[in-house]
Every structure is written in C-alpha cells, then in structure tokens.
Amino acid sequence: MSPSTSKAIVLACILPPAFALSLNSHANIRPRQYDLPDPVDRAQAIIDAFRFSWDGYYKYAFPNDELHPITNGFSNSRNGWGASAVDALSTAIMMDQADIVYQILNYIPTIDFTRTATEISLFETTIRYLGGMISAWDLLTGPASHLLVDDSQVGLLLNQSVTLANTLSFAFDTPSGIPHNTLYFNNRSTCNCANSLATAGTLILEWVRLSDLTGNTTYATLVETAESHLLYPRPAAAQPFPGLLGTFLNTTSGQFLDARGGWGGSTDSFYEYLLKMYIYDPSRYSLMLDRWQLAADSTIAYLTSHPCPKPELLFPAEYIGRMLSNTSSHLAGFIGGNFILGGLVLGREDYIDYGLHLTDSFHAVYESTSTHIAPESFSWNTSSTPESQIPFYQQNGFWIFNSQYILRPEVIESYYYAYRATGDTKYQDWAWDAFVAINTTTRAGSGFSSIANVNPAEGEEVLYEDFMESFWFAETLKYVYLIHTEGGEEWQVGRGLDDVWVFNTEAHPIMVARNGGTKRSKG
C-alpha cells in the first residue's frame with residue numbers, strides 16, 4: 001500500500017471531538033409493506049409495477065422521453081425520440097408483455113433519427129437507443145421470436161439502428177478519433193470540449209455489435225480507435241494506480257487531462273465494458289480483460305476503505321492522483337456485480353469474495369436510511385462530516401452527501417450477480433426489500449418519481465421531484481425481475497464465459513459473438 005493511501009485511510013479514522021457525543025440515531029420510519037415469499041408472486045408484482053409505469057407514461061407522455069408522474073406532464077431530455085419507450089422494449093420482451101412490445105415495435109419505425117431540436121449525448125443515445133434496438137433485435141430473432149407477428153418489424157429495428165449510427169458518426173471526426181460527446185444535429189456541430197472516460201469508453205459494445213450484425217466494419221473501427229487511447233493512456237501521470245485512469249480526455253491529442261477518478265460517475269462504465277467486451281468476444285478483446293484485471297487488482301490494493309465506526313463495511317474510495325477521497329455513490333453500487341462477474345470469467349474466488357463484500361456493504365447503505373433506499377452519494381470522510389449527521393455517521397459508518405434517489409438500479413444489479421454466482425436466496429430477499437422500499441416511497445401519481453430525500457426524519461414528508469427516468473424501465477425493474485425468475489431463460493447472465501448474453505450498461509442484453517454474434521439481418 002502506498003504511503004499516500006495509508007495516510008488517507010488514517011485520516012478517515014480521526015474523529016473530531018463532537019464525535020464523542022452520545023446521540024440518538026434516526027429511527028427507521030418507513031416499514032416494508034407486504035411479504036411475498038414466492039419468487040413467482042414477486043415476479044408478477046414487479047410486472048404489475050412495470051405495467052403501471054408504462055400505462056402512466058403511455059397515457060400522459062408518449063412519445064416524449066420521460067413522464068412527470070405527479071403533474072402528468074412530460075419532458076425530452078434524451079432527444080425527444082421516446083427514450084422511455086425504446087428503453088422499455090427489452091424489459092417488456094423479457095417479461096413477455098406482448099401488447100407493450102407491439103406498441104413499441106410499431107412506434108420505433110416512425111422515429112426520425114436524423115432530426116432533433118435538443119443537444120445530443122453520444123453516450124446516452126448509444127446506450128439507450130442503439131443498445132435498446134440492437135438488444136430487441138437479438139431477443140426477437142432468438143429466444144423471444146414467438147412475440148413477432150411480422151418479421152419485417154425486426155428488420156426495421158436494425159435499419160433504424162443503422163440510420164442512428166450513421167447520423168451519430170460525425171462525432172468521431174476528431175484528430176485523435178476520441179469522439180465528441182455533445183452533438184448538434186441542426187448543423188452537424190459539436191461541443192469542442194473534453195470527453196470523459198465513461199462517455200468515450202462505453203460505446204464499444206453497441207457499435208461493435210452493430211458492425212457484426214451488418215458486416216460494416218466501419219462501426220467497429222470508429223470505437224476501437226477511440227478505445228485504443230484508453231487502453232494505452234497518455235501521459236503516464238494519468239494512471240496514478242495500475243489500470244486506474246483519470247477522468248477527462250482531450251479529443252484532439254487523445255491525452256488525459258487529469259489523474260482523478262474511481263468507479264463512480266464519468267468513469268464507471270469504462271471499467272464495466274473492459275470485462276464485458278472480453279465476454280462478448282475473447283478472441284478479439286483479450287487486452288481489455290488484461291486492463292480490467294489491472295484495474296481490479298489496483299482497486300483491491302489501493303482503493304479499499306473501511307469506515308471506522310463500521311470496519312466490517314468495505315467501499316471503493318475515489319482518488320485525486322494518489323490521494324484518496326473517501327466518497328462513493330449509488331452509481332458505484334454496480335462494482336460488486338462487476339467483480340463477481342469477473343471472478344466467474346476468470347475462475348477467481350478472490351474477485352467473487354471481494355464483489356460479495358462490496359455488495360453486502362452497499363446493502364448496509366440501503367438498510368441505514370429511513371426509506372431503506374441508498375442516497376445518490378455518501379462519504380465516510382470525518383474531516384467534513386456535517387455536525388447534524390454525526391450521530392448518523394456513528395451509527396452507520398457513512399454520512400449522506402447527496403440525499404437524492406433517481407430510481408437507480410446499480411445496487412440491485414449487484415444483488416442479481418451475487419445471486420447468480422451463489423444461489424443464496426438472501427440476495428433475492430434483498431432485491432425484493434429494495435423493490436418494496438422503492439414502491440413504498442417513490443410510487444406517486446401516474447408512475448414512479450425521483451425523490452430529493454432518502455432519509456427524512458420522523459414526521460417529514462418525502463419530497464418528490466416529478467421525474468421518471470427511462471432507465472427505471474430498462475434497468476431497475478429488469479434486474480429486480482430477473483433475480484426472481486429461474487425458468488431456464490437463456491438471457492440470464494452471471495456464469496462467466498458460459499453466458500450467451502452480456503448486458504450493456506443500460507441492462508439491454510446483447511448476444512455474444514461466439515453464440516451467433518455475427519449473424520446477419522433478416523431485414
């Protein structure tokens with residue numbers, strides 16, 4: 001362990017005088033509502049929640065991007081192409097909800113992917129729209145083909161994917177090949193600003209898959225060129241620990257602009273895709289597995305942190321150079337599942353054990369708040385603990401930095417991989433507890449709403465933010481559903497290189513290359 005890392009961990013354990021006070025902690029004020037021990041009954045309840053959410057969206061917001069469930073309004077933060085509909089498609093297919101599948105399949109061909117009045121995120125558009133349509137193509141030409149009434153519907157999915165990728169491709173027209181992330185379709189211009197590790201490094205699965213399906217190698221070449229700068233990072237200082245990189249890149253030079261990062265926002269899914277591209281095709285992407293192992297080993301060696309009041313908990317710290325910042329986020333809750341999946345791929349029990357420990361720790365964060373939902377971000381850095389949160393920190397080992405919950409899936413995602421790896425039904429129970437807590441707290445109006453405060457004191461009201469993210473359909477409901485279905489579905493993942501499918505970062509399942517990944521379009 002480096003001297004700077006040791007210093008950061010020691011500082012996290014120094015308690016200011018106020019910590020000596022003996023104060024009462026918050027009481028858990030939101031009870032669980034109902035108990036359904038049978039996974040079949042639970043799965044149906046989750047389908048019911050999906051249908052309730054879809055009905056509200058379809059009635060009040062479709063074909064716009066998001067529902068505002070409190071006011072029955074809508075917004076278009078994802079290009080105005082119906083993000084919630086496209087994001088919901090793979091989940092509706094896996095839940096066998098034929099009527100909703102038909103509604104979405106009939107809609108997608110009407111989208112004009114060459115026009116929008118909003119600025120576009122290449123990353124968000126890729127993982128939600130491109131990933132959603134390619135995944136639906138894979139599912140409907142494979143295990144869910146019984147849902148197709150007309151074969152031409154599935155061909156149109158691939159045609160629309162090609163149109164979208166062709167329209168987005170000017171993003172890669174940079175000297176380095178690292179794309180711009182912010183695009184403007186009205187004049188084919190870009191925001192000439194730095195790109196992030198996650199937004200540059202979380203395109204390769206979807207674009208390579210499209211390349212394999214169509215036989216057009218250009219799509220793969222574009223993203224592989226961009227990825228090369230992340231696999232061989234420059235300058236050396238941008239890699240403060242082996243395999244762990246900075247956050248922002250210059251799209252002209254291809255060089256990193258800083259040496260701060262971690263497994264949270266703006267960096268997270270780059271590390272996720274290092275492993276998943278190897279699962280997609282080991283013959284082409286073995287180097288990405290090597291880089292994932294470097295990052296995983298450095299995370300264990302240098303970023304592992306145990307809060308002093310709760311030393312049994314384990315969280316991955318963030319870093320600024322080689323100094324640690326003892327903060328984490330709900331986004332980082334996926335890391336347990338990622339380590340578990342890596343352990344299954346490599347036959348490494350130490351990775352699985354580390355992932356299970358992380359998953360247990362994020363479960364403790366869920367259990368600590370009065371709503372039983374984890375906050376957007378939290379810290380165990382005692383030097384900046386707000387005085388009002390000292391008793392909460394003493395009780396739980398962390399304090400809340402940002403109390404929002406925006407319907408995120410990441411901790412439930414880790415429960416899913418933990419269950420698939422171990423078969424331990426406690427992870428099903430934890431996922432069900434999370435679903436019940438979310439249903440109890442965020443179900444409002446015509447759908448489910450983001451909230452501002454996961455830890456209201458007794459007598460305080462939950463503050464609704466009147467916004468239902470499209471990933472509520474794509475990820476959160478999908479993971480909590482899949483953990484309760486064990487009918488031999490081939491899209492279940494978590495067995496390592498025996499998997500036929502790999503999930504993109506929006507939880508859209510993609511068929512791996514060695515199991516039909518180079519099949520050609522019907523359309």
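Note: Cβ is positioned from N, Cα and C throughout, glycine not excepted.
Residues annotated as signal peptide in TrEMBL: 1-20. Taken from TrEMBL, the feature active site, proton donor applies to Glu124, Glu376. According to TrEMBL, the active site annotation covers Asp268, Glu410. Residues annotated as Ca(2+) binding site in TrEMBL: Thr505.
Comparing Cβ neighbour counts within 10 Å across the active-site residues Asp268, Glu376, Glu410, the minimum falls on Glu376. When Cα-Cα distances from Glu124 (active site, proton donor) are compared across the recorded positions Glu376, Glu410, Thr505, the shortest belongs to Thr505.
The C-beta environment of Thr505 (Ca(2+) binding site), restricted to residues of the same chain at least 6 apart in sequence and closer than 8 Å, consists of Ile127, Thr202, Ser269, Glu272, Tyr273. Glu376 (active site, proton donor) is 15 Å away from Asp268 (active site) when you measure Cα to Cα.
Cα to Cα, Glu410 (active site) and Glu376 (active site, proton donor) are separated by 11 Å. There are 19 other Cβ atoms within 10 Å of the Cβ belonging to Glu124 (active site, proton donor).
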